[in-house]
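One structure below.
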Amino acid sequence: MKLVLLLPWACCCLCGSALATGFLYPFPAAALQQHGYPEQGAGSPGNGYSSRRHWCHHTVTRTVSCQVQNGSETVVQRVYQSCRWPGPCANLVSYRTLIRPTYRVSYRTVTALEWRCCPGFTGSNCEEECMNCTRLSDMSERLTTLEAKVLLLEAAEQPSGPDNDLPPPQSTPPTWNEDFLPDAIPIAHPGPRRRRPTGPAGPPGQMGPPGPAGPPGSKGEQGQTGEKGPVGPPGLLGPPGPRGLPGEMGRPGPPGPPGPAGSPGLLPNTPQGVLYSLQTPTDKENGDSQLNPAVVDTVLTGIPGPRGPPGPPGPPGPHGPPGPPGAPGSQGLVDERVVARPSGEPSVKEEEDKASAAEGEGVQQLREALKILAERVLILEHMIGVHDPLASPEGGSGQDAALRANLKMKRGGPRPDGILAALLGPDPAQKSADQAGDRK
């Protein structure tokens, strides 16, 4: 009875233990990785502790692409619907509008940590150590040891006086090919060898091609100054140089002695110079200034000078008498301006007369001012002696003193101002009067 009860319980236990191995429990992959170090396949350090300590974290900045939503678009989608009932029927086609977002490619900067070799180590597993002070000292010790061994080997191979140049007989044949490598030294069991004596020097070889030009050497020091040589013979006379610039004007010399008295000359019949003076406006009724000539009698010595240039043209002559009346002309056209003008308004002729009268007043004032200015200029010219070359004797000759002693100022009658009238032109009042007479 107990056996019957225990048998089903034992079967359940055995079946449960057998089926338990078939279940799979998912574990996260991060739980299986070693925390603190990356995987081996992704360039991470190995499992050994010596390789792990050569890996370090490095901050890396990367630019990665990503999709960013950029608006939306409307799409028309076709939808097919099958028959919902049994039997022959046509498929139904419908359309619907969808609004879906659009994306564009953008770039952003990502900062991440990567496992890389620590400073001073290289290689795929960061096992190779870069050159540093420790390795340099180790290499120096190894080099010193090798140099000491080379010195010991050179001291051990002292040449002994051989009886002949042949090598000693060997009990065992060498393991290398003597003909192929005559000067090779075996690594194991080298055996004693004797150095052969040095042979005679061979003939000199042919001269090789010239080598490339070397770089220029540094500039040498400046040599000592040589002794001064003898003076050479004088050279040939050179060509004359160009003419120099004119020098500055010298100071005027002292006045010379007075010359001898000349023979008395003939008195001239005509006056030698005329000086003009202005009268007061009270002498005339209209207030115009009047020129009064002052005749100066001079007594000069010497021959007369050359003939002067011709003078300016004279003033225009007086207005001639009016001619005989002409034949009556044909009847002229009617002036539209006169016909169309209403009564009481001034005609064009009257307006022109008024404008010319106003203009004549300004011109008359200007003529008066120019007349006075011309009189003053003429007086100054006669005082200086511009129009009379004999009236300005050379200074220092003694004639200027005689001229000043013999000058006599005389006032005469009025002289017509024909020259001034020629310079100033016709009077605008007279001109307007002449024009009115011509029109009549």
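For all residues, glycine too, the Cβ spot is worked out from N, Cα and C.
What Swiss-Prot says about this protein:
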type     : residues  : note
COMPBIAS : 200-215   : compositional bias 'Pro residues'
COMPBIAS : 231-243   : compositional bias 'Pro residues'
COMPBIAS : 252-261   : compositional bias 'Pro residues'
COMPBIAS : 269-281   : compositional bias 'Polar residues'
COMPBIAS : 306-327   : compositional bias 'Pro residues'
COMPBIAS : 347-356   : compositional bias 'Basic and acidic residues'
DISULFID : C56-C118  : disulfide bond
DISULFID : C83-C89   : disulfide bond
DISULFID : C117-C126 : disulfide bond
DOMAIN   : 52-128    : domain 'EMI'
DOMAIN   : 199-267   : domain 'Collagen-like 1'
DOMAIN   : 302-334   : domain 'Collagen-like 2'
REGION   : 157-362   : region 'Disordered'
REGION   : 390-440   : region 'Disordered'
SIGNAL   : 1-20      : signal peptide
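Swiss-Prot feature annotations superimposed on the structure.
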residue: C56; record: disulfide bond; DSSP (3 states): strand
residue: C83; record: disulfide bond; DSSP (3 states): coil
residue: C89; record: disulfide bond; DSSP (3 states): coil
residue: C117; record: disulfide bond; DSSP (3 states): strand
residue: C126; record: disulfide bond; DSSP (3 states): coil
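Cα separation, C83 (disulfide bond) to C126 (disulfide bond), rounded: 70 Å. Rounded to a whole number, the distance between the Cα atoms of C56 (disulfide bond) and C126 (disulfide bond) is 10 Å. For C118 (disulfide bond), the count of additional Cβ atoms within 10 Å of its Cβ stands at 12 [all protein chains shown]. Counting residues 6+ beyond its ends, the compositional bias 'Pro residues' (200-215) has no Cβ neighbours under 8 Å in the same chain. Fewest other C-beta atoms within 10 Å: among the disulfide-bonded residues C89, C117, C126, that description fits C89. Per-residue confidence over the domain 'EMI' (52-128) averages out at a pLDDT of 87. Cα separation, C89 (disulfide bond) to C56 (disulfide bond), rounded: 73 Å. Taking the Cα atom of each, C117 (disulfide bond) and C56 (disulfide bond) are about 6 angstrom apart.
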